[in-house]
Amino acid sequence: MQNETIAAIATPPGMGGVGIIRISGGQALAIGQQMTNQTLTPRLAQYSVFRNAQQDTLDRGIALYFEAPNSYTGEAVVELQGHGGIHVMQRLLQAVLALGARQARPGEFTERAFLNGKMDLVQAEAVADLIASRSQSAADAAMRSLNGEFSTVIHTLEQTIIGLRVYIEAALDFSDEEIDFLSEGNIASRLDALFEEVCLTLDKANQGKVLQEGVQIVLVGQPNVGKSSLMNRLLGQERAIVTEQAGTTRDTIEESLIIQGIPVRITDTAGLREADDLVEKAGIERTKQAVRAAALAIWLRDASHLQDKKPDELSLDGGIDFIEVHNKQDLCQQDLCQAPPIETNGVLTNDVLKISAKTGQGIDQLITAIAKRITYQHHEESIFSARERHVQALKVVKFHIQQAVQCIQSLATSELVAEELRLAQNSLCEITGEFTSDDLLGEIFGQFCIGK
């Protein structure tokens, strides 16, 4: 319950110079003053001796009191900043709990900040994204969302929809008049402009989602073309076993790296070929599954034996985007490495790259090619962090705006246009948390660390 006082260790577990106990709620000040045996003044760092109810000395440090509503949670908040040892922090926390606080759930401090109007749901999620960011670009995007840039875009779209709804619903009140408000080009042009803005926001949200969640890339090709060697080269370490024997890799191997600020999950796979061995067959099936799940495939071929056919998984209409790479340039003569590229059905135009995973030849060009496929269509400074639920909500908004446009074009009734706009507005409100179920809040804040 929100009126309970909560407490948690707010710093990472382990040994450190400073450890923080955070307390929030109606009893926070009383508990803080009992722990320090002094009157705490708002926003004043006070050197204190921390004692439990039995007056045993537990630690020495700084006590900070933030008076409601001028705190992170909007409630009274006390922070006890002591030494960062595991045992010290646990003793301090147990003393605070013994004085009437309860252990905070993961994300409960930020949840209270949201419920008390200190931030909207997008900003609350950005707190977790900032903590979990794996690159400077991801951290910058999370900071932009935390500062309210994403929320401002959503509120601007919402205000545009409200303006259209007011105009159209006012027209409904004059339905007995011989005036057709929807026939005016003004409404159609405003809807078209709104649709373009929603599409742009959806595009940026998709890119923000990639920045936070990363991109799945799979290495695919026949056995012994150098997939494991390429993975080791990209990672800068010997992660996958490399031998002259074909079929060494019999299962998928996944590792993470950062390419131009984008977290990448790269998967080395079993070579694609007809196999009798049951274990190798199982590995090949996992390869096919990995290809279907990936956003980008690196199709690796032996430059001296360009007789292999393109994998079926790359040939399907609407199949995944891929880059064709001819490896082992160090082993083949120049005149044997000039086979023309195979016609592709990739999402993007497919250029052939020539590399040697063994010597490093062409690796920089390959990384550049990968980056072009997975990085921004917009300037990085305009990208905000986003999540799958934001993307899905914006897709719903886009659908309803599109339906409203079609209603105008088909001369449908004003009621239908107004209803589509109402549904679009509701989906926007779900993003910022104006209309949000308790189950969704539990799922979102449950992903936070304890103490935040």
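For all residues, glycine too, the Cβ spot is worked out from N, Cα and C.
Whatever TrEMBL says is automated annotation, not expert-curated.
These features come from TrEMBL:
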- Arg22, Glu79, Lys118, Lys452: (6S)-5-formyl-5,6,7,8-tetrahydrofolate binding site (BINDING)
- 214-375: domain 'TrmE-type G' (DOMAIN)
- 224-229, 243-249, 268-271: GTP binding site (BINDING)
- Ser228, Thr249: Mg(2+) binding site (BINDING)
**Report entry** pLDDT averaged over every residue in the domain 'TrmE-type G' (214-375)
**Finding:** 72
Query raised in the report: How many Å lie between the Cα of Ser228 (Mg(2+) binding site) and the Cα of Arg22 ((6S)-5-formyl-5,6,7,8-tetrahydrofolate binding site)?
Result: 47
Requested in this report: Report, in whole Å, the straight Cα-to-Cα distance of Lys118 ((6S)-5-formyl-5,6,7,8-tetrahydrofolate binding site) from Lys227 (GTP binding site).
Outcome: 50
Report task. Based on DSSP, name the secondary structure state of Asn224 (GTP binding site): helix, strand or coil. Result -> coil
Report summary line: All chains considered, the count of other Cβ atoms within 10 Å of the Cβ of Ser228 (Mg(2+) binding site) is 23
Query - Greatest C-beta neighbour count within 10 angstroms, which of the binding-site residues Arg22, Glu79 - result: Arg22
Report task. Find, for the listed binding-site residues Lys118, Lys227, the residue with the lowest Cβ contact count at a 10 Å cut-off, counting only other Cβ atoms. Result -> Lys118
Query raised in the report: Cα distance, Asn224 (GTP binding site) to Lys118 ((6S)-5-formyl-5,6,7,8-tetrahydrofolate binding site), nearest Å?
Result: 57
Query - Count of other CB atoms lying within 10 Å of the CB belonging to Asn224 (GTP binding site) - result: 21
Query raised in the report: Any idea what the Cα distance is from Glu79 ((6S)-5-formyl-5,6,7,8-tetrahydrofolate binding site) over to Asn224 (GTP binding site), rounded to a whole Å?
Result: 58
